[in-house]
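**Student:** This is the structure I want to talk about, given as structure tokens.
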Amino acid sequence: MPTENQYEELISEVIEKQSIILGPDIAILKARNVSELVIDDQGKVTEIKGDKKAALQKIINVYVELSGMIVKNALGSIFEKYPGVEKINL
Amino acid sequence: MKKILVVEDDAKMRKMLVDAFTEKGFKVSEAPNGQEGLKIAEEFKPDSIVLDLMMPIMDGLTMLTRLREQEWGQSIPVTILTNSDTSSRIAEALEKGVCKYMIKSDVSIDDIVKRISDELK
Amino acid sequence: MDFFAALFIILFSVLIIGGFFYWKIYKLKKDVDKNEEKMRRGMYELAILKELGDRTGYSLNIQNIIDVITGSLRQFIDYSVTSYIFVEPEKIIFKAHLEKSVSREFIDSIKKRMVSSLSAILNKDFSKTHVEEILSGAILTEYMNEPVRSFFNIPLVIAGKVVGILTIADTKTGLYREEEMTILYKITKQASNAVSSLQEVVETEQRKLNAMVASINEGVVMTDKDYKIVVVNPAAKTAVGLSSNEEVSIFDFIEKLGGKFDIKEKLEESVKLDKFLTVDDVLIDDRFFQIFVSPVKSSFGISKDEIMGAVVVFHDITLKKQVEKMREDFTSMMVHELRSPLDNIKKISELLIKKKKAKADLEYLNFVFQDSSRMLELVNDLLDVAKLEAGKFEVNKQPSDIVELIKERANFFKTNAKFSKVALETYFDPNIPKTVDLDPIRMVQVLNNLLSNAIKFTPEKGTVSIQALIHKKGQDIIKESSAAGIKWFLNKEAKNINDKSNCLIVAITDTGIGLSQDKIVQLFSKFKQYRVAIEAGEKKGTGLGLVVVKGIVDAHGGSVGVVSEEGAGSSFYFMLPFNQ
């Protein structure tokens, strides 16, 4: 059963992975473009305001817009850890 | 009596030559190809050989080469009957002086017999 | 006191209003600055894309493109090090350009981050892969021991595959703003897309080419300028003995053709000399090939007529050769089969004639003799002409005594001449050397032909003379012939002959009816000769004899000709060059 924090944790992992892939500065800067997310300076999501699914879709779009479809492969393994979360269409 | 060996695969031609030489007073032996020719030559020890070039089993040039390789065959005079288009093949043989030649379509039987008997005189 | 209060209020208002205006202007300025910067960035974007387009053109080389991008960076962004890594099958290539001196740890730290990024993207561990490092720009130093504080990685994706990563890094913290970084991602993405589409176009064209070439029967191999195979069809692979569905390289071809055909050498030769080359009769395993090699040139654009590579075509001629050989064998066999019986008939008739039969029988026997002789002649000529046409006519030059040859022929034709009531004479230049290089058997053929013609076409009481002369270049043959006691018609052509190089001239001169100029022209042609012969009435020739004469003389490097005077006679002659 998807817990309240699943989305926060998932998105935090996404940001973390993107930090490794793209670099922490740009990863966090871009994540902050998603208004629903409240992100601390370490890149962890502390709160999601509003529709969590929408927020997840938005952050993925942000990264795809930046570095393209390779994001898909990179994030596939993360999604597998959260079976309850609906897979995002890229 | 001088001995002539006729080596020729065409039976008609061979008969004409054998008859003509016999008439002229030679002792004649014949062979239808080079292989037979060598065998008979060794026994018969002819004074001259008339040799056709194009023969089955073993052709004239091969027989000539084998003949000259033998001690007994080195000094027997050989006259090759050729057509003009085989000149390249016998050119080498002619150069080495191992034989003489006559162009078949040019000469009559009598010419052949005359030439050889003149040489043996 | 009121005055000061009023003054104070006025001043205060001025201050407020001034402050307000100042603030407004400040804001405007900020907006202007912002727009200016936006414009500046936009222009940078355009400029760099244009430069990319110009510099790389149709290059598929992603390294070029990265170099252009990083090269232009310093006008736009501040950094200590820009680096990129490329993924190769066996290793990772790491190239870094140092704009400022940094420490070894800095470089290692960047490397580590880039490899981690790559591993994260591809979900594969690259940390153990060998990294080849190439540094340029400022030197490494231990004094500036600052760590990496700002950096970002741009993945490089071509045709959906991650081929590498581009990284910008600096020792200062928080140096890079989102807009700047985003522009670089955008630029890199656009460049990668361009390369991807170009690659796709190239691959599509290559596939099309391969499809077209696949169905051709001839083997086709196309290489680029580095002799790497670009296109190869199944027929080419089978031609050299490779399996038609395995992947092959130029080295496979070199190996399979070793000793039979130096494909690399021919490719180089063709490209270097810009020439179309043909190699005949190459035997590969048990098939014969004719191999063509040609350079391939660009047909349009700025590189028009530039050589882009080469193509090799394998043309299987085994069947053709087999048919040719069959035909030759058949012809020789037929000729041989015809010749023997004809010769026999001729000889038999000769023997019977000698046996002095009754006059009537004698006449008929003569008919047999004549016809069989003619047929024999024709058969021999046919074979020679066939050989001439196939290019397989050989002469074997040997030192021969031409004088002796001529004398012997004269003797041979004595009876023939007597029968035709024609006199036969010989004339020799005393300067003729003891031996001349020629093919004696073929010469006999030539003399036979010319002599029998001469005797045939000379009326009774006429004369046929065989004449031989040594001509020295520049000398007057009129004088030369006179000195040798030779009377012929060649003196008419003295002007043309005098300047010919040293040669032996043999002529057969008759006192026949002579030939008109237009008849002379037709003489040595295979088909036309027959008509001439018919017009000579009963004395029909086979027509092919002179063609063979010409063939033999030509094969000796000489030339043949005829000079005639209507009503007086003709001189058929040939000239053989010699250097003695």
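Backbone N, Cα and C atoms are what each Cβ position is placed from, and that goes for glycine too.
Automatic, uncurated: that is what TrEMBL annotation is.
Dumping what TrEMBL says about this protein:
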DOMAIN    B:3-120  domain 'Response regulatory'
MOD_RES   B:D52  4-aspartylphosphate
**Student:** Just jot down the residues in the same chain as B:D52 (4-aspartylphosphate), at least 6 apart in sequence, with C-beta under 8 A of its C-beta; none if empty.
**Tutor:** B:V7, B:E8, B:D9, B:D10, B:M13, B:G60, B:I80, B:L81
**Student:** Under DSSP, the domain 'Response regulatory' (B:3-120) has how many residues in helix, strand and coil?
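**Tutor:** Looking at the domain 'Response regulatory' (B:3-120) with DSSP, the answer is 61 helix, 24 strand, 33 coil.
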**Student:** Averaging the per-residue pLDDT over the domain 'Response regulatory' (B:3-120), what integer do you get?
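**Tutor:** In the predicted model, the domain 'Response regulatory' (B:3-120) has a mean pLDDT of 88.
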